[in-house]
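Q: Following this message is one structure expressed as structure tokens.
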Amino acid sequence: MSHGEETELLLDPKEERFVLLPIKYHDIWKMYKKAESSFWTVEEVSLDKDIDDWGKLNAKERHFISYVLAFFAASDGIVNLNLVERFSTEVKVLEARFFYGFQMAIENIHSEMYSLLIDTYIRDNDEKNFLFDAIRTIPSVKEKADWAIRWIEDKNSDFATRLVAFACVEGIFFSGAFASIFWLKKRGLMPGLTFSNELISRDEGLHCEFACLLHYHLKKKCNRIKEVVMDAVEIEKKFLSESLPVNLIGMNCNLMCRYIEFVADRLLENLGEERVYNATNPFDFMENISLVGKTNFFDKRESQYQKAFVGIENGNDSFRIDVDF
């Protein structure tokens, strides 16, 4: 912890405690209960129809989905590495540690889901192993992974800056790929893939909101928010318009770039900054499914995955980041 971080309550060893009650940070605790109510397992996702649908896709579509899944499978492990090695040890507030502990379990489920999807769709073992090792074998995936790992290994940047960086990993690096899978849903294809995408995108939206909430609690905010966000945006735009262009599945690359800018603007506002891109959402099918600022799109347990009675409590919200734009 740097000298400037010594006064941060979130990082202050004096805040460390082993008994939960009484709750001290009610907004952080409420976010944990929201995550807890959204627990799911891979056994709830049926892939039976996906196997038939996979054969209906053309070679470009299969290539695109395979590479997106390869990125996702690697990225959840990277997020967990950061939680284990950095955030969960740096943050001393117990309510936040509860959230991080639960997030690690959820990221494990995501990783299991993506690995299972690859294992189900890809029959050739060499291709399967190539995809499982994507951060070494696929340059475009490696570039995104390297960006995230750089922040884990960074010993000079303060907690606030690294918090923003991982909000970008979960809020921006995932956004375009999530949208591309929802695009397939419009065609009525791959119901297992698209359902798991709904579950995972909601989880990641909540994780991104949590990062914004912790940043809100910091006395010393990150002074490089726009720089970090814009850097992530450029990497993501390159990934989905050049390295793995979405036109492989019939999407418009320019519209995808605008969508990434739209998501970035919302993240910036949730971090207390002005918009940079002033982008509108070009995808009507993503209106109610956005990673940042809207996590209330789950109304059915084919999407209805909130556990009964979990998270019901009295009290007012002290922090809101669900503003509609």
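Including glycine, each Cβ sits where the backbone N, Cα and C put it.
As annotated in Swiss-Prot:
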ACT_SITE  Tyr114  active site
BINDING   Asp76, Glu107, His110  Fe cation 1 binding site
BINDING   Glu107, Glu170, Glu204, His207  Fe cation 2 binding site
Q: Could you round the CA separation between His207 (Fe cation 2 binding site) and Tyr114 (active site) to a whole angstrom and send it over?
A: 18
Q: Just name the winner among His110, His207 (the binding-site residues) by count of other CB atoms within 10 A of its CB.
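A: Output for this query is His207.
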Q: To the nearest whole angstrom, state the Cα distance for the pair Glu204 (Fe cation 2 binding site) and Glu107 (Fe cation 1 binding site).
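A: Approximately 9 Å lies between the Cα of Glu204 (Fe cation 2 binding site) and that of Glu107 (Fe cation 1 binding site).
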Q: Tell me, by DSSP, whether His207 (Fe cation 2 binding site) is helix, strand or coil?
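A: The residue in question, His207 (Fe cation 2 binding site), is helix (DSSP, three-state).
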Q: Given the recorded positions Glu107, His110, Tyr114, tell me which ones have a C-alpha lying within 10 Å of the C-alpha of Glu170 (Fe cation 2 binding site).
A: none
Q: Report, as a single number, how many Cβ atoms besides its own are within 10 Å of the Cβ of Glu204 (Fe cation 2 binding site).
A: 28
Q: Return the residues near Asp76 (Fe cation 1 binding site), defined as same-chain residues 6+ apart in sequence whose C-beta is under 8 angstroms from its C-beta, sorted by sequence, else 'none'.
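A: Counting only residues 6 or more apart in sequence, the Cβ neighbours of Asp76 (Fe cation 1 binding site) under 8 Å are Glu107, Asn108, His110, Ser111, Tyr114.
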Q: So how many other Cβ atoms are close to Glu170 (Fe cation 2 binding site), meaning within 10 Å of its Cβ?
A: 27
